[in-house]
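**Q** First the structure, then my questions, so here it is.
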């Protein structure tokens, strides 16, 4: 890879410029643009419905009247980012199905929030999860928690903006920075104007797109290699189907203990106390609705994990039958999913566009949720406690302005300008394997986020 300062991503080698051109057709562009337009339309519908009668509570908490179904899908989509869609299949391809045991952690990881965290937050009638810290300790602890959350989410949002833009650049040659701007602007508009209700309903649509994109890859890929039964046989013959690893050594990449038990604590941090998720629980019309939505996430998460792992197995079986080119084999493992998608979907107009739309859906849902949660904690924890007499009209304007955070775009731009080899060592120090296990636990589990 050559050292450049261009915003063109180094995801696919420039020695084969025709790959992108021959893969992405006019129909693919239409599918991709439709994703952006429909997401924008759903958000604007909720923004202009009742325009002029919005309150801060409606913008930040959807007036606490959401039903179970949209809240459940929004809970799932909030942390199902492009990082997970690209990272988990690559993990399975490289190291086998041991990572699949992460699904064992979902039961307790959702049962505990449903029966401990949700009742406490809901009965206290909180808006920000960090209000509890002031009730339990003091205001200084609350502010420290809020500032930490803001810093964490801004950095993560930069990565989430960057990942699908890399994918689009890889298959179309579309400018990386322009892609980041397009994604961010669309997300800013419907999040800032429509508030939490717009975010939740666009999450529902984007979740369906993510399911369709991944399902298309599984169906087409498995058909090319003789079906899922053959895929499983090939993976088993080459040692990619893992049993339960009970080794207590913490330095082993994946074991039952780190996945099933360590995963519970990861799930608690995401579905128990993360502001983006707590906000969705509190937007439910009743406590029972919030609990049911948490229950409904469980089968959805298992399905998402299953699909991601199957993509990894299908990819492994495909490249056993059709070996990678020299260019592909020398690429970073995190690029394998994109190469695989290009290989199996080329010549099928609309499907490459659907997969790119799938990646962008993951990012849009994560970013919009993060924008809204950042606006909420900033208003509730950093502004209103110090300016209690802030009028409703000003609070609405400020809430909408906070919904258009620009810091993640700056982070994405910095990432796009960093030399790729340095980026690799920054995220995966000391080795060139696919996503480091800790990165997968924190940012690319089937909920894929902080």
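Cβ coordinates are placed from backbone N, Cα and C, and glycine is handled just like the others.
Where the annotation comes from TrEMBL, it is an automatic prediction and has not been curated.
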**Q** For the annotation transmembrane segment in TrEMBL, which listed range does it cover: 30-48, 49-67?
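**A** Based on what TrEMBL states, transmembrane segment spans 30-48.
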**Q** Any chance the transmembrane segment (200-220) and the transmembrane segment (100-122) are in contact, meaning at least three CB pairs closer than 8 A with a sequence separation of 6+?
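**A** When sequence-distant Cβ pairs are counted, the transmembrane segment (100-122) does not touch the transmembrane segment (200-220), since fewer than 3 lie under 8 Å.
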**Q** Taking contact to mean three or more C-beta pairs under 8 angstroms, with sequence separation of 6 or more, is the transmembrane segment (143-164) in contact with the transmembrane segment (68-88)?
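**A** Result for the transmembrane segment (143-164) with the transmembrane segment (68-88) is yes.
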